[in-house]
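To start, the structure under review is shown below, and the notes come after it.
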Amino acid sequence: MQHGKYRFIVGFLAAPLGIYALFVIWPFIQSIYYSFTDWSGLSPEFKMVGFKNYSRILDDEVFWKSFQHSVTFVLLLPLVTLTLALFFAFMLNVGGRRRKNAAIAGVRGSAFYKVVYFFPQVLSIAIVALLFQFAYNPNSGALNSALKAVGLDSVQPDWLGDPDLALWCVFAVLVWSTVGFFVVLFSAGMASIPRDYYEAALLDGANRITTFFKITLPLLWDTVQSGWAYMGILALGAESFAVVQIMTVGPNGGGPDYSTTVLPLYVYQKAFRDGQAAYATTIGVALLVLTLLFVAVVMRLGRRERLEY
Amino acid sequence: MKTTETPPVDTAEERPPVTKVTVARTPPAKATEGRVLNFFSHGMLILWAFMVVLPLLWAVMTSFKTDRDIFSSPWALPDRLHFENWSRAWTSANMSDYFLNTVIVVGFSLLGTMLLGSMAAYVLARFDFPGNRFIYFLFIGGMSFPIILALVPLFYVMQNLSLLNTLPGLILVYIAYSLPFTVFFMTAFFRTLPSSVAEAAFVDGASHTRTFFQVMLPMAKPGLISVGIFNFLGQWNQYMLPTVLNTEPDRKVLTQGLVQLAVSQGYKGDWSGLFAGLVMAMLPVLAAYIVFQRQVVQGLTAGALK
């Protein structure tokens, strides 16, 4: 297999690696370099300013608000989404009535639930965000008129306009749109756990809650862990950008009084609205550090002995 | 069998598996626990199904109403089906243009991603050469980096190459940002394929290139389908990349076009048309999902389960 091997390798790698280097790697390297300059992005001139952008971050109130929101998202979003998904997946696979030939069974119609739960996953996050923006509309939105219909005329929150509520409204949309994917993912994982384990545990008198924590969760741990990392990257990245940017407009974008700004949105605003490209990349570097830190923590905490079955 | 009086036993894992035969003879459901749990699980499951479907149904319903009805009674059924909302959205709200742009961009990006991604993955998976590991990690490192960080300089890279606000530019960027996952997935896939077939083809005088296209690529079809679906949905639903790199009104893709409409609708007030556009963008993907549901689920979960 030696003849022409290197020519072939170079020929096959050149185009993909070239495109990847030009549009992904090179901009990443540049952005770290730019974070040490005073580049506006509008003119080609700039000079090095050392750590000035980084010290500016320390006093930037909006940065710390965005940071706080992003950290809230990355801590809570995987927790809520994965807990709900594990719960539903367990119900689907083990919550069923006992039938004749099996000690445990999924609920009737579990295939139907899985199809329906997955709906939001195939929709664009932008479309989902638009849809919920209408639903949250304080005057004629679906939510408030539903509240009115059940006699709660006095409870008419200004969902996205209320600084205390807005962030949680956005949060709920992210949960809504991602739970289904993990239900299906965990279901697939649970389906591959041998039935004998459950049967043995049930024979020993374990109830379903015990079987969940002693059998299902440990055997599913690898999947949960990668789901956790994936969800956290979503919470810090493109998905949270889209929902916040679309749903909470406000005078500055990012909700009333910056109550919903997240780090990726703040990077976007600084670079493309305020003409502070260098400062934007500095915020981006902070986001990068946060993301890598998160992934490292998940990998470290999640490390367990691999269970084979 | 399980009764409610027995305390839970914690030694479930150490216990050797019991043969199926003993359990198969179990008398059917006698414990009340089963029934309560069943009732409970059905209740919760139905509740969530309801919460998923309701907003979608509400959107479909609203797209058939007049603007007045949308505001006066958001939950009421439309007085009749106002199909004119749909035709208005399709023609005068530019939905047809947005659709066409999206189809062009996603079509070419998907083709490019699959071709270039599997070429790189094939080389990385099956050939030993200096720098192999380095290039592999360079590719998959891209999966965990926040894209928005790169977008700021990327904007100016595109500007210098005159690719900003063009469809080819967007296509190239979509390909570049889809490569990490594609290479990651396809490398793992090519490693699982038997090497004997490729060697046989090579001995028979086929070149490396020919072996790849005529032998290995057809064998990798299941993997290509999985990762293809993943990339299709990702690229079709992309929002952040076009928002930053493609601001020309004529070249907007579906997602940014809709958001743009929603913002300007605030002044024009054609809410029914906007809802029609929204549903128009939702329904094809949902329909395709329902038809190809098995493949979509396999495609989307394959990467994460590995």
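Glycine is no exception: its Cβ is also placed from the backbone N, Cα and C atoms.
What TrEMBL records for B:1-20 is region 'Disordered'.
Positions annotated as transmembrane segment by TrEMBL: B:45-64 (among others).
For the transmembrane segment (B:98-124), same-chain residues at least 6 beyond its ends with a Cβ under 8 Å from one of its own Cβ atoms are 132, 135-136, 139, 167, 170-172, 174-175, 178-179, 182-183, 185-187, 189-190, 212, 216-217, 220, 224, 227-228, 231-232, 235-236, 251-254, 257-258. Positions annotated as transmembrane segment by TrEMBL: B:98-124 (among others).
Taken from TrEMBL, the feature domain 'ABC transmembrane type-1' covers B:99-292.
Look at TrEMBL and you will find B:136-158 (among others) tagged as transmembrane segment.
Same-chain neighbours of the transmembrane segment (B:170-190): 105-106, 108-109, 112-114, 116-118, 120-122, 124-126, 136, 139-143, 147, 154, 158, 163, 216, 220, 223-224, 226-227, 230-231, 234-235, 238, 241-242, 245-246, 251, 253, 302-303, 306, counting only residues six or more beyond its ends whose CB sits under 8 Å from a CB of the stretch. Here TrEMBL flags B:170-190 (among others) as transmembrane segment.
Long-range contacts of the transmembrane segment (B:211-233) within its own chain (CB-CB distance under 8 A, at least 6 residues past either end) are made by residues 106, 109-110, 113-114, 117-119, 122, 178, 181-182, 185-186, 189-190, 193, 197-198, 201-202, 285, 292, 295-296, 298-300, 302-303. Per TrEMBL, the feature transmembrane segment maps to B:211-233 (among others).
The transmembrane segment annotation in TrEMBL covers B:271-292 (among others).
Panel annotation: around the transmembrane segment (B:45-64), residues 70, 74-75, 77-78, 81-83, 85-86, 272, 275-276, 278-279, 282, 286 of the same chain, lying at least six beyond its termini, place a Cβ under 8 Å from a Cβ of the stretch.
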